[in-house]
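**Q** Can you read through this structure? Questions will come right after.
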Amino acid sequence: MTTSDPNPKPIVEDAQPEQITATEELAGLLENPTNLEGKLADAEEEIILEGEDTQASLNWSVIVPALVIVLATVVWGIGFKDSFTNFASSALSAVVDNLGWAFILFGTVFVFFIVVIAASKFGTIRLGRIDEAPEFRTVSWISMMFAAGMGIGLMFYGTTEPLTFYRNGVPGHDEHNVGVAMSTTMFHWTLHPWAIYAIVGLAIAYSTFRVGRKQLLSSAFVPLIGEKGAEGWLGKLIDILAIIATVFGTACSLGLGALQIGAGLSAANIIEDPSDWTIVGIVSVLTLAFIFSAISGVGKGIQYLSNANMVLAALLAIFVFVVGPTVSILNLLPGSIGNYLSNFFQMAGRTAMSADGTAGEWLGSWTIFYWAWWISWSPFVGMFLARISRGRSIREFILGVLLVPAGVSTVWFSIFGGTAIVFEQNGESIWGDGAAEEQLFGLLHALPGGQIMGIIAMILLGTFFITSADSASTVMGTMSQHGQLEANKWVTAAWGVATAAIGLTLLLSGGDNALSNLQNVTIVAATPFLFVVIGLMFALVKDLSNDVIYLEYREQQRFNARLARERRVHNEHRKRELAAKRRRERKASGAGKRR
């Protein structure tokens, strides 16, 4: 294995036929800026993607430790349920008590970091060759990233979260406050999750398609730890943590989906009281479906399913909007956005010491859980975003990833959460016994034609999970094969089975507290990866700072500054010469008059 510069330049320029200074070269480029684009486009033809040339051999040093952890979790959770559940609860308490502040702080740091990157000169850099066109159409690109990023979460929490905050209140606020309920929900589901995904996705996309490294999370750390470090034990540890976070994050989604589909079957009177075997059956069907989708390839399976998801989700949202309290939803939407913006920093600063020290338990169940869930999803969502974003500029990537899903989430929660709150205000509560997985179907069945829409909702839950798990298993296959862009289908399928095993373990070991068990284990599994995402920020900035476009931009700025100084000096000399000339003319004129 050959070593290379830990900060490789993404573009290699040919030697110049004659020696000229950077200032002279930039002067010529300023006179004809199209020369710069042509020069960089020619040079970028030399980019070689290591991931495309790497043999599809299995990386056992990454696979074995990850599988050992998965198998140990399954054996522990199924064979010793009480011990496993107690450990998960104790570990959660330790994380929230000692590292809750880190989740809260860096969750918001990630948002500001990615916004600054988009607004900076880095935003013009393309994720690939300078003339490379995007691989997917914009509509398909948006639908794929949204379905992979949080589709099933919107289905599960879209109704129950705003209603819960409205009924029970939020630390530091009274109950029955619509503005606080909606703004807190938006805080959890708009900018913060997608900022995390954008950081991971951008780091991988730049490293892979711009610089030409392997499509591995560890490869994005080359600017910090060097090529040897990325290929050594530290790089392997990063990839192992990425796989573990992905398995548990996806398993949490599988668990939520299975619980809610079971509730839908009960609400439709298909199965009166879903048993553990019903849940096993649901998980098995979903697992087979997403494995089939994954092995069909990203260009086919995920794209088709994602487009279908968007159609079904739009149909469901339009139904609730039209048949439900339309005017109330329209009134709620701008108010929710205003409350979110005005209370952003107050919500971002909420810690265990808030509300006279009573907010800790609430944060562990909501904000910290969400931040951990997004972080656990970030390896596979980030890598998936990278795979579908080749050819787009950094600014286009960030704006698309950050704003479009955030806007859709805002509309979704306003429709479903707003409708649930209006029902509550009118004395037609859908709260039931407080089971979160039942409330979406309670809302739908309270509307005319809701029985049919309930069936569509169950189908949508399944397809949303399939797209998410499809992305996750494909990405885990890539990480298991040295960054191979097209992972072996059987490796992909194996990780799908492992994810299903973890999901069933968390559901069955939790018993009546299955949802809490899912949340607890997700937070614990995601904690190590928080520090990986923090490190990615530094690696990304160092990588971007060595991009030739940015370096040319800095050189151009220096040239412009030197040129401006020279102009000032020249103008000053010119002023002095003119002043001296006027003095001589006045002196000569005075001498002529005396004669």
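Cβ coordinates come from backbone N, Cα and C, glycine included.
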**Q** Of SER57, SER253, SER275, SER473, which does Swiss-Prot put in the glycine betaine site with ILE152, GLY153, TRP373, TRP374, ILE375, SER376, TRP377?
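**A** Given ILE152, GLY153, TRP373, TRP374, ILE375, SER376, TRP377 bind glycine betaine in Swiss-Prot, the matching entry from SER57, SER253, SER275, SER473 is SER253.
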**Q** Would you say whether Swiss-Prot puts LEU58 on the same side of the membrane as THR478?
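**A** Same side, per Swiss-Prot.
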**Q** Give me the non-local Cβ neighbours of ILE375 (glycine betaine binding site): same chain, 6+ apart in sequence, Cβ-Cβ under 8 Å, ordered along the sequence.
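**A** The answer is ILE196, ALA245, ALA526, PHE529, LEU530, VAL533.
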**Q** Tell me if the transmembrane segment (452-476) touches the transmembrane segment (237-257). I count contact as 3 or more CB pairs below 8 A, with pairs 6 or more residues apart.
**A** yes
**Q** What is the nearest of the binding-site residues ILE152, TRP373, TRP374, SER376, TRP377 to SER306 (Na(+) 1 binding site), using the Cα of each?
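**A** Nearest in space to SER306 (Na(+) 1 binding site), counting only the binding-site residues, is ILE152.
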**Q** Among ILE152, GLY153, SER253, TRP373, TRP374, ILE375, SER376, TRP377, listed as contacts of glycine betaine, what is the widest Cα spread in Å, to the nearest whole number?
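**A** So the maximum pairwise Cα distance among the glycine betaine binders is 16 Å.
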**Q** Considering only the recorded stretches 366-386, 397-417, 452-476, 490-510, state which has the highest number of Cβ pairs under 8 Å to the transmembrane segment (300-323).
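**A** Ranked by Cβ pairs under 8 Å, first place goes to 452-476.
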